[in-house]
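Accompanying notes for the structure given below.
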Amino acid sequence: MSSANKKKFTISVEGNIGSGKSTVLSHLAKSSLCDIIPEPIESWTNHKGHNVLAMFYDDPHRWAFVFETNALMSLTKLHMQDAKAPVKVMERSIHSARYCFIENLYQSNVLKDVEYQILGDYFDMLTANETCKLDLIIYLRATPKTCLERIRARNRPEETNIDLNYLTTLHRRHEEWLIPHAYGDTPSPPVLIVDANQNKESVYTDTNNHVINLISC
Ligand code: DGT
């Protein structure tokens with residue numbers, strides 16, 4: 001991976017809300033081997049003056065389509081972002097937007113069929129492009145209960161409505177997506193599973209060891 005012209009190895013760190021993705025990313029940011037691309041949460045809490053994340057949680061039936069359209073667009077921009085280091089590490093991807101959140105909102109009857117189909121077409125168009133391909137997914141796998149405790153502890157104002165039921169359904173979507181590779185039509189990258197119920201230090205050490213092994217191969 002020493003050549004500057006070589007395609008970057010792109011990793012996406014995935015996992016339920018509150019599974020510890022940001023903490024892992026902030027540790028990996030200390031390595032000169034990794035360029036970190038954090039989630040575009042500011043463009044969700046302040047999109048030209050609109051807090052789309054708060055609007056979504058306040059009235060999901062009204063705002064889910066708007067939120068997901070914006071999520072796909074803002075995450076695609078991150079897929080397009082160049083990295084200088086040999087490894088580009090993203091927090092989430094358009095793949096988790098599609099296979100976890102959009103799927104979950106459709107199965108919960110929040111997104112209407114026509115909205116789901118349009119978002120699906122949009123996703124298919126975006127993923128036809130090499131730019132959105134991932135080389136590896138790191139799945140921080142934590143129980144919904146652990147995630148809820150962490151969400152309560154960090155206390156983001158937009159997330160006060162998040163309950164165990166929502167986290168449990170999102171957990172299922174992550175499992176369906178990342179464990180058996182349920183969506184066989186798109187070739188999935190390898191998935192590395194990290195036990196994210198451990199304390200933050202152990203989660204980071206496990207993840208870091210995997211990334212170092214991979215880079216040195
Ligand atoms: P972490 O570090 O594992 O605790 O990760 P978080 O919770 O900081 O980041 P994430 O991506 O799990 O969630 C940030 C917020 O954005 C959270 O309220 C869930 C929401 N969110 C993220 N991606 C999507 C999406 O594609 N659709 C919807 N509806 N919400 C999303």
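Note: Cβ is positioned from N, Cα and C throughout, glycine not excepted.
The feature active site, proton acceptor is assigned by TrEMBL to Glu91. Sequence-distant neighbours of Glu91 (active site, proton acceptor) (same chain, 6+ residues apart, CB-CB distance under 8 A): Ser12, Val13, Lys21, Ser22, Leu25, Ile36, Ile37, Pro38, Glu39.
The ATP binding site feature in TrEMBL is assigned to Gly15, Asn16, Ile17, Gly18, Ser19, Gly20, Lys21, Ser22, Thr23, Arg150, Ile151, Arg152, Ala153, Arg154. Secondary structure at Lys21 (ATP binding site), as computed by DSSP, is helix.
The domain 'Deoxynucleoside kinase' annotation in TrEMBL covers 11-215.
For Gly15 (ATP binding site), the count of additional Cβ atoms within 10 Å of its Cβ stands at 28 [all protein chains shown]. The record assigns Gly15, Asn16, Ile17, Gly18, Ser19, Gly20, Lys21, Ser22, Thr23, Arg150, Ile151, Arg152, Ala153, Arg154 to the ATP binding site, and the maximum Cα to Cα distance across that set is 18 Å.
In this structure, Ala153 is the one among the binding-site residues Ile17, Ile151, Ala153 with the smallest number of other Cβ atoms inside 10 Å of its Cβ.
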